[in-house]
Every structure is written in structure tokens, then in C-alpha cells.
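Listed in TrEMBL for this protein:
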type   : residues  : note
REPEAT : 258-291   : repeat 'TPR'
REPEAT : 339-372   : repeat 'TPR'
REPEAT : 381-414   : repeat 'TPR'
REPEAT : 465-498   : repeat 'TPR'
REPEAT : 633-666   : repeat 'TPR'
REPEAT : 675-708   : repeat 'TPR'
REPEAT : 759-792   : repeat 'TPR'
REPEAT : 801-834   : repeat 'TPR'
REPEAT : 885-918   : repeat 'TPR'
REPEAT : 927-960   : repeat 'TPR'
REPEAT : 969-1002  : repeat 'TPR'
REPEAT : 1011-1044 : repeat 'TPR'
């Protein structure tokens, strides 16, 4: 049964589909006409469906059908009434068409009896039955509305009989019974009915009255009799009922030019029942005589429409072309059908985004319409409108506007100036201007449409809601979100006032409002509106209806943007399940869903699965789309992004270029999709170190975005972040910081606090703070990024590994080697699972590990990591890539620490050659390479050359870095060391003091770097004979180093030795020996071969102190230890061995 509330009647698109189906079915079956073959076809069909079941009853029906009336058979055989009424309730078109002959006979018998016994007095009859909870709730809200029984309706004059039926339902614990009291008012009944006394097989005891199908009653009061048993009053209604007439006239007007058979199919298309429509047209096609070419042509055209709606464009086109072929072969002169078919072919190509083919078929339709007078001017207006839509889809907005205006000119010429169709045309033009970005013109046309509609339509007319919706879109893009929501809410109020609460249009409005909130970054509110839409759609649509996909997609998209990837993926998978049941496996709609699922898999770092889905989408698109189709460009971008993420940059670049070529050929130069392609190519240039090309493409992207989007749009933030990375790479930190700040400003306004895009920007800020030497702030930003990523991503996402690397680097610089190593190991574990072995992120981790082990003085391990990184980079990049310079510097620094000075200098010069070729002359990285080369020359005692490189470095660093930057500290210390070696102590002290001033401001009081500077300054004061000051600095240094975790033995040995020497010079021999003995204790824990030089030096110092104290015996024992080391580790002709023998001889 169908329940129609009073509100439903105001908007006839809101009818329950079954109400219209049964109305149309009734007209169809009464118009068709049947012969004996129809009964035979039903019997064959039923036998094929049920086999031996009820074979006896079927045999009786076959043999004795003509011996009894249709009513007698209907009341006797479950075979008939059960099968027929079930088919009517479920709209099983296949069975209903087979039983059409019986429906016609049964209706005519009821009508014949009714015509002889038309009641002259009010009559009360009853019906008892079960009712679902949902139908009961509808009844409660529908007093004054209509109730249609879509099947043949059995009633009784006996309340007791009906009550027994209703009460029996309650034997099931969940059953609800209802008793309908039906008042039959003479001359106020539209459907024939008949008393079955002496006709029905049950006439002795049921007092039955049988109504034909599609009986309609007015709903009266509803009353609860007792638990789960209800009583409802119904009143008969007739064809003169104003509301019912509006419904009936609506149905007939929509399909008045079609045959009855075709009407049903068209209505099912309108209601979204595509499978049923397809089955109907296919069934009708099988029954059309072979010589009815026109009938076949029309059915193929209708079947094409169904397949077009189902997204099976290729099969739709196949049927449309069959229509044209039948017309051509048989010389049919149905020019309107040809033109309509051309229009449908064009619409299908437009849905498949084959805009050129769409346009050519619209133009064929137009040419035909212009040749003959058989067409109405309104047909021309439709075709011009279609041509305009095709041009609009191609991005040829001027041509689109020209055709829309032609359509409008025709309508304004042939229709009254306030006709609603003119308002519709104005809305179309307004929508075009909206898409062109001319928001003022869009607003102007929509307001013109609104002016007409407000003049000629009621305040709650549904078309007003559409115009309010359009104005909402315009204000939304203007950034006036409050006005946009105001218009959307006006549209919603109208739809809620005139439509039933579960109408699709209300659901669509909820979806639109949700989209605004999503655009504003208010994802929870957006999702709540989409869920309201979903609740409505689930209530009125089958669970696998394609319209559900729109809302599922919207929720999935909002969840994805909010970082809730698991929920987003679940909704995309719902869409996939529906589409796989409803559309062709080669449908472009399926390709869109594959792309959506792949996008989430990509975001969570599941690159291999993501690539599989993108390639599934591409496989479909390459089968059904031309090679220059825009959807292919999107998928090429997507696949390129996966290869980019995996480090296959050549492949990524190839896919991005394919996408850009398509978009440049098919789109206007300022189209936002071109901006995306430019940005992607810029990404590849950036990571390949081609910074000028990267900036060129990013700027192209930014120029387009500035013309199409408001400044607050998240896309601006994305481009700003990428430009910041490039400027950071070329050493323009202030410019990079400016772009990062712009990105963060936008994202903090638009996104929730845990959005993954914020993590990207925080990491960028952290990298800049790190380069500027502000390590605490850098660590804070990287930790913020990691916190967001852990909430948003799977644990093995590569972006999490990036944050681990960032945090590990900071801890390494701050001297916490154990913590740094733990973070680098975490990064390595993730990267080995998800990235290709040559990915730049893996190289970065290897480089960081090389730096860490070098800091830990494990030079062989350090060198192995740097060499692995170098091997990969030489495969990835050109010989002049800046990342290679980083590795050359790392290797050089290890050789320098190992005293392989010529090797160190060689690697530093390789780095310098790249940097001088690729960097600006003020780039801080260039300064650090000058520093490294200066260090090596200093170690070679080439002090003048060393100072020249240090001065080059300082010229850059003092101009480009903050005054407290760590690189300045290192350089000041290095210059101080050279002047110390040159015995220019006062100048040396000046540079050490500069270094110390920065360190005391920026480093914790126990940082090892402070101890090194204290030691350096102490050694200067020592050399200047200011021993008391020297002692105080040594004590500061040793206090730090002795408490370091892990201990830095090398630095501790150096400081103990310096203090020992100072004590010896002051004559504090016991104290001197104490410090030298501490060194011996440290060195005894180490391998002799590794530290024999240091041990020889310390033993020599101790021997010298004992000699000064006159303790020659103790001195002799240390000289003998020196000889023992030399004999064990040096060749027999080693000159120092002779010196040691001389010392021993001298003491004897």
C-alpha cells in the first residue's frame, strides 16, 4: 500500500513510486488487449518458475479456466491471488506482464458487477490485516492524506471477520494488526468494487467485497484499540477529488505521447528503478512484431535511456545507434525521434565526458530540427540548451553562453515574460557564469530568475528552492558563507514545507549544506548534514540505489579531509559495492570510485594497494574514453603521485607530463586543473634539485589559483608549502618562512587541529627553525607534526618516518645520541616496509645515521652509511644534484676526523664544485663547505689558506643567518683555533668569546659543545700564562664532560691532558700526575692499536713530571712502557723508538 501525506500532493515528484506504478499498470493492462496466447504464455512461465509445485492446480487452471469466472479463480487458487498480489506489491513487472490477461478479465468482471449494483446509500465495510511499523508511523502523520492499496483489495461487511484477521497477526510477538473501517460514499468512489456473494468460493461466511487494484481512500482518525491493534477510518474518494485529479493529471501529462507500455518504463526511470525499467523494455522488445520497425526503434531508444542512467554508456550508445539504424534502413520519417535520439547520444557522451562527440550529436539534432517544421520551437530551445551544456563542460564558456542565450531568446519570444521556463533558462546562464568565476553576473541572472518566480509562483513553490540553492552556491564561492547558508536554509524550509519529511530533495539540500560546512573546514557539522541526507535516502531507496552513492561519497570525502581515513574508506567501499551491483564493470562511475579508494590508501601510506586501484581506474578509462579525455589526465596525476611517493621520479614525471598535455589541449589556460598539473611537475623538479624549474612551475600554478580561488582556500596553503621548501633549499630562509606562515594561517582557519596538512606545515616550520639554529622550537614543531600523524595515519606511513627522522636529527645535534639513534631506527623500519630501496627518504636516513655515528666517533660505521647513501644518489640524480654535495661533505668530515686529510679535501672540493654551480653565492650551505675546507687546511697547518676559507664562510653566515646560529659558533671556534695555532692569542680569544656568547644564550648549561669552547679558551689563557683563568675554564669544561651520558672519552682525555700540563707548569706535580693517571685509566679500557699515540704522549708527560720531581725510577718505568708500545705497534726503524732508548739511557 502507498501512503501519501497532504504535503506530498503539492510536489508531485515526491510520490511514493508504488502509487504511480500501480496507477500506470492499471491503465496499461486495461488498454493492451489479450488473446488465448496470453494465457498459454503465463502457464508456461509459471511452470518454468515453479516446476512441479502446484502442478495439479496449474492443470486445473489450464483445463477449466473458461468454465468459471475470473473472480471464482481469484478466490479459489493461491496460485492466482498470491502470485498476482505479491507481484503488484513488489512491482514485479515480468510476472505482471505475463498475468496481464487475467488482470484485465478480473477488473472487467468487477466493473461489470459494480455497474449493475452502484450503491445509493453510505456503506461501511472493513478490512483487517498486518501493518509494518514504518507504515503505521506514516499513517499517524498522514491524516487528511491518501491511502492507496496497490493490489486487488478484499474487504468484508463483517467487522468480526476483519477483526479476526487483524487480531491473528498478533500471534507473532512482533506483529501489528490494523482494522480499516471504510466508508463508501455514493458517487464518491473512483474504483469499481463488487460483492462476491454467490461468486466467491468463500461467499458463505466472509461477506466479501472485492475492489479492483489501485483503490484510493482519504485517511481519517487513527486509534489504538489495545496492544499492537489499531483502528483507522477511511473514506472513499472519486475522480473529481481535486487532489487526486492533480496526481492523476500529473502522471498522464508526463507520458501523454507514449503508449501505455512505454509509460511505465519512463516512470520507473524517473523514480530511479533502472533495473525494472530495463527489464520492462527488454520484455516489451521481445514482444514487438518483427515488422514493427517504429516500435523497435522507440524501445531501443528507451532502453538506451535506462542504460545511460545506469552509467553503462557503451550499451546505451549501442541501443541509440540501433534506433538510428532501424529508422535509416526502413526509411522511417520520424524526424522528432531521430532528433531526440541524437540529443540522447549527445547526453550520453557528455556523461562519459566525451564532450566533442556530445557536441557533434547535439549539432546533428539541431540541424534536423532546423530543416523541418515538425518540431516545436521549445524543442529547439532544449537542443540549444544541450549544446550550451556541452560547451560548458568543455570549458568553452563563450560558446556555451551563446547557445544558452539562443535558448533564452526563443523562450522569451514564444512565452510570456513571466513564464517559469524563462526563469529556468536564466538560472542556467547564471550557473554558467558561476562556473566561469563571474560571480556578479551569476548573481544577477539568478536574481532575475528569482524575481520572475517570486511574482508568478507561490512562496513555497519548489522551483524557488532551486533558485535559492543557486544563490547559495554563488555566495559560498564569494566567501560569504553566512549568506550562502541563509539561502540554503530558505531552500530547505520550502522543501520541508511542501515535501514529505523523507523526500529526496530534502536529502539533496542537506547534502548541499553539508558541502558548505565541509568547504569551511567544519567537518563534524558537514558529516552531520550528510548523515541526515543519508537517513532519508535509506528510508525511501533500495539499499543498492545509485543515489545513495552521492551521499556516501560526500561523507567519505569529509572523513578523508578530516583525517578519519578508516571511516572515509568504509564509505567509499559502500559506494563500490553499490556500483558493482548496478552498473557495468567498464563504467566510468566505477573508475571514479576506484580513484577515491586509492586516494585514501595513498594517504595512509598503503602505496601498493593504492596503485592497484588507480590502475583499475585507468584500465576502465582507457577502454571507454578517448586518449585525450580529462578523466585520464586525473588518473595519470594520481598514478604519478604514487610513483613520486615511492621514489620513482622518472615514472612520476612521465605521468604528470601526460596529464599536463591533455589538460593544456582540452582546457582553458586558467583552468584550476592545469594548476594541479603544474604543481605536480614542480614537485618532481624540486626533489630532483632543479630549483629554478620547480619555482617556475609552482608560480604557474599559483598564478592560476589566484584567478580562480579565494585566498583562504586550502589549495593556496599547499602551493605555499611547496614554494617554502624550494626557497629553503636555495637558502632564502626568510622567504621560505614567509610562505610557511601563509600556509599555516590558512590551514589553522580551515582545518581541525589534527588535520594531516597541518602536520606537513609544522614539519616545514621545524626544518626552517632547525636551519636557523633554533633547535628547541624545531623539536616542538616536529613533535606537533608527529602527534597529528599518529592520529591520522597507519603506523607504517612514510610521513611518520619523516617526522622520526626530523626529531632524530635534532636530538643528534643536541648531543643526545642514544635518543637520536632510536628515532632513526624507527624511521628505517617504516621506510624498509613501504618505500623502494632508492627512495630519497631512505637516503636521508642513511645520511643522518652517518652523521650520528661520526658524532659518536664510530668512523667506520659512519663511512659505511654515507657510502650507501652515495651509491643510491648517484643512481637517482644528476652528478650536480645538491643532495650529492651533502653526502660528499659527510664523507669528507669522516675522513677529516680520521686524519685522512687529502681524502677529506677531495670530497669537500667535490661538494664545493656542485654548490658553486647550483647555489646562490649567499647560501649557508656554501659557507659550511668553505668551513670544512678551512678545517682541513688548518689540520695541514696551512693556516693562511684556512683563514681565507673561514673568511668566505663568515661573509656569508653573518649576512644570511641569525646572530645566534650554531654555524656561526662553529666558524668562530675554527677561526679562533687557527689564530691559536699561529700564536696570535688575543685575536684567537676574541673569536672564542664570540662563540661562547652565542652558546651560553642558546645551549643548555651541560651541553658538550660548551665544554669544547671552555677548553679552547682555557688553552689560550694557558698559552698567555694566565694560568688561574685557564684553570677556571678547564674546571667548567671538565664538570660538563665528566657528567656526559654517554661519556665522551676523547674530549675528556684532551681536557685532562690540558689540565695536567697546566698543573705541571705551575709546579703542582702531584695534581698533574693525578690528571694524567685519569687519562691512563680511560685509555686502558681501549684497544692499544687504536690509541697507542695518545698513550705514548701521556706516558711521556707522566715521565717528565716524575723527572721534575726527581723520581727517576718512576720516570724510567714510563719510558720503558713507551718502548714496549713502539716495539709492538711500530716498525723497527721507527725514529721515535730511538728517542725513547736515549731517554732510558739518560736516566740510567
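Using N, Cα and C of the backbone, Cβ positions are placed for all residues, glycine too.
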Averaged pLDDT, computed only over the residues in the repeat 'TPR' (927-960): 92
Tertiary contacts of the repeat 'TPR' (339-372) (same chain, 6+ residues out, Cβ under 8 Å): 301, 304-305, 308, 311, 313, 316-317, 320-321, 323-324, 379-380, 382-384, 386-387, 389-391, 393-394, 588, 624-626, 629-631
Among the ranges 381-414, 465-498, 633-666, 927-960, the one whose Cβ pairs under 8 Å to the repeat 'TPR' (675-708) are most numerous: 633-666
The repeat 'TPR' (927-960) - residue tally per DSSP class, helix then strand then coil: 31 helix, 0 strand, 3 coil
Closest-packing stretch to the repeat 'TPR' (759-792), where packing means Cβ pairs under 8 Å, from 633-666, 801-834, 927-960: 801-834
Close approaches to the repeat 'TPR' (927-960) from elsewhere in its chain (Cβ under 8 angstroms; 6 or more beyond its ends): 731, 733, 885, 889, 892-893, 896, 899, 901, 904-905, 908-909, 911-912, 915, 921, 967-968, 970-971, 974-975, 977-978, 981-982
